[in-house]
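Per TrEMBL, these features apply:
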- B:15-33: transmembrane segment (TRANSMEM)
- B:18-92: domain 'Glycine transporter' (DOMAIN)
- B:40-59: transmembrane segment (TRANSMEM)
- B:71-92: transmembrane segment (TRANSMEM)
- B:104-124: transmembrane segment (TRANSMEM)
- B:106-179: domain 'Glycine transporter' (DOMAIN)
- B:130-151: transmembrane segment (TRANSMEM)
- B:163-180: transmembrane segment (TRANSMEM)
Amino acid sequence: MNLPDPTQLAWSSHLNTALELAATLAFALSGVIEAGRKRLDAVGVCVVAFAAAFGGGTLRDLLLDQRPFFWVRHIEFLWATMALCVLAMFFMRQRHLKLTERAILWPDAIGLGLFTAVGVDLSVSLQQPALIAVLMGVTTSCFGGVLRDVLCNEIPKALSDHRPYALWAFVGGWLHLLLLDVGSPAWLALSTTVAVTAGLRMLSVHHGWQLPVWRS
Amino acid sequence: MNLPDPTQLAWSSHLNTALELAATLAFALSGVIEAGRKRLDAVGVCVVAFAAAFGGGTLRDLLLDQRPFFWVRHIEFLWATMALCVLAMFFMRQRHLKLTERAILWPDAIGLGLFTAVGVDLSVSLQQPALIAVLMGVTTSCFGGVLRDVLCNEIPKALSDHRPYALWAFVGGWLHLLLLDVGSPAWLALSTTVAVTAGLRMLSVHHGWQLPVWRS
Amino acid sequence: MNLPDPTQLAWSSHLNTALELAATLAFALSGVIEAGRKRLDAVGVCVVAFAAAFGGGTLRDLLLDQRPFFWVRHIEFLWATMALCVLAMFFMRQRHLKLTERAILWPDAIGLGLFTAVGVDLSVSLQQPALIAVLMGVTTSCFGGVLRDVLCNEIPKALSDHRPYALWAFVGGWLHLLLLDVGSPAWLALSTTVAVTAGLRMLSVHHGWQLPVWRS
């Protein structure tokens with residue numbers, strides 16, 4: 001495979017960081033919402049929010065043996081998430097949950113694409129094989145939600161709600177690899193992957209697309 | 001302890017690989033079956049199958065700090081598991097589940113013994129103490145099933161169904177260590193461990209042996 | 001931050017080890033009790049006890065990339081836990097569970113403070129930022145209980161029972177950092193942290209203090 005220059009991947013780290021922060025907070029809010037639904041206590045809300053926001057990237061760094069973890073390098077993400085939890089507990093009521101869930105649809109979809117691309121980029125820069133890189137992309141973007149649901153004692157939504165989510169991460173991961181492989185500049189590969197993945201996710205939400213049902 | 005020569009452990013890697021593949025696919029099928037029972041979607045079936053097949057070895061490699069993971073070195077195992085999931089979703093019906101569960105009893109029991117031995121061998125080659133080596137063997141062979149059940153929001157069967165499973169891995173692990181310790185050639189130690197562990201497992205399935213009940 | 005000399009932290013390792021062992025066994029007993037309540041089998045009792053006792057420190061070592069794990073260096077802890085499980089299965093009856101739960105309140109509270117301090121000390125000696133150090137302290141002392149509850153298919157008590165537990169670890173962690181930061185000798189910092197954290201925990205148990213309820 002024609003591997004991209006890893007240094008090239010650091011292209012526009014400021015915009016990246018802003019997008020990552022927005023997506024991280026959207027993931028954290030999905031944790032706050034689920035913890036609120038389950039009537040967890042204040043500690044539970046924070047833990048589930050952190051698990052949702054940082055679980056995916058942490059597992060990726062663990063599997064790829066990357067230290068320090070991304071949240072040690074971006075410690076402001078931890079503080080922002082903590083502030084979000086405190087604010088949510090002061091200002092959010094049960095009746096806000098539905099509203100918030102719709103408000104985070106877009107940032108969540110962007111996070112799905114962005115974190116997939118980030119996971120693929122990191123794996124490629126570590127010379128992992130293509131399939132591993134794609135699976136690391138899916139892990140980065142989807143494992144946080146799985147961990148959130150396991151902590152709340154639910155079957156993970158990503159595995160059971162028949163609405164394509166991880167599937168688009170998988171598709172987006174291969175697309176991203178393909179784009180890097182044909183020599184696209186990193187900024188183009190990243191924005192295409194994010195746009196396509198987030199677009200597919202939003203389309204499937206709005207049109208109620210369903211994963212094929214297990215034929216029994 | 002009289003440690004075996006690690007290089008000696010690579011004795012017949014082709015047969016090993018074939019057996020490992022069969023056992024990996026049996027573990028994956030146990031995930032497919034449970035996901036089917038729980039009516040997970042197509043993504044859920046794949047994720048649970050992967051967790052069941054690769055969870056144990058991954059945790060072992062993580063705990064023993066072995067990189068690259070075994071599934072990076074044997075990437076064909078990932079492809080085979082993915083193919084298995086696709087085939088299962090096309091051809092498997094609800095009425096096949098019971099049948100498949102019985103069909104995988106033997107490969108699953110062989111996997112129990114084989115992965116235990118593999119985990120012990122790896123730990124011994126890293127000069128871990130005996131107890132750690134045995135626990136790593138149990139982890140390798142049993143953690144995948146635990147992860148599968150946690151993802152499906154069940155109490156892990158290995159912890160609750162009163163049928164000895166992890167116990168035989170524990171026994172097999174000590175046996176394997178003992179055999180290595182008395183200087184058995186690696187092929188003999190491996191085949192004895194697999195035969196004894198798988199045999200005990202099949203005996204306890206067929207005779208309905210129960211773990212002692214907690215006396216309340 | 002004014003970092004303490006790591007070697008200074010090894011001050012009275014024998015007393016430390018005795019306290020750690022008592023707290024580890026208290027954590028293991030909490031696992032035995034929950035497994036007994038859930039009517040797990042003998043293997044389940046052992047696995048849940050091990051998860052409760054060693055889960056927190058293992059995740060900390062994994063996140064901080066510390067090898068060998070603390071239980072490889074203190075392998076006698078593994079043997080002691082295993083002996084505890086066997087004894088508990090022989091001598092403990094359902095009617096003992098309530099009694100045991102009260103008997104371990106103090107060792108569990110001391111463990112909460114002690115493991116928090118240990119986690120903070122280790123992180124500080126690795127030059128981690130303050131927030132990370134505190135979160136590692138909380139992880140060390142609280143993750144074992146979370147893992148225990150996830151394995152038993154419960155929403156983790158630490159997240160849902162509205163009784164402050166992880167919160168005191170968080171407070172104790174910052175206190176410990178502060179004490180180290182103002183130059184307290186290690187023995188003083190450690191004993192103060194343990195006393196304050198355990199004291200707060202016991203106070204909140206006896207007075208039935210509640211975490212603020214999510215306002216819905």
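The backbone N, Cα and C atoms fix where each Cβ goes, and this holds for glycine too.
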Query raised in the report: Is the transmembrane segment (B:130-151) in contact with the transmembrane segment (B:40-59), using three or more Cβ pairs under 8 angstroms as the rule and ignoring pairs under 6 apart in sequence?
Result: yes
Report summary line: The average per-residue pLDDT within the domain 'Glycine transporter' (B:18-92) comes out at 90
Report summary line: Checked against DSSP, the composition of the domain 'Glycine transporter' (B:18-92) is 63 helix, 0 strand, 12 coil
Report summary line: Of the listed stretches B:15-33, B:104-124, B:130-151, B:163-180, the one with the highest count of C-beta pairs below 8 angstroms to the transmembrane segment (B:71-92) is B:15-33
**Report entry** Beyond the flanks of the transmembrane segment (B:130-151) by at least 6 residues, Cβ under 8 Å
**Finding:** 1, 27, 30-31, 34, 47-48, 51-57, 59-60, 63-64, 111-120, 122-124, 157-159, 165-166, 169-170, 172-174, 176-177
Query raised in the report: Any residues 6+ beyond the ends of the transmembrane segment (B:104-124) with a Cβ under 8 Å from its own?
Result: 3-4, 6, 9, 16, 19-20, 22-27, 29-30, 56-57, 60, 64, 66, 132-134, 136-142, 165, 168-169, 172-173, 176-177, 180, 186, 189-190, 193-198, 201-202, 205
Query raised in the report: Which sequence positions outside the transmembrane segment (B:15-33), separated from its termini by at least 6 residues, show Cβ-Cβ distances below 8 Å to it?
Result: 45, 48-54, 56, 74, 77, 80-81, 84-85, 88, 92, 97, 100-101, 104, 107-108, 110-111, 114-115, 118, 144-145, 148, 190, 194
Report task. Provide the three-state DSSP residue tally for the domain 'Glycine transporter' (B:106-179): helix first, then strand, then coil. Result -> 60 helix, 0 strand, 14 coil
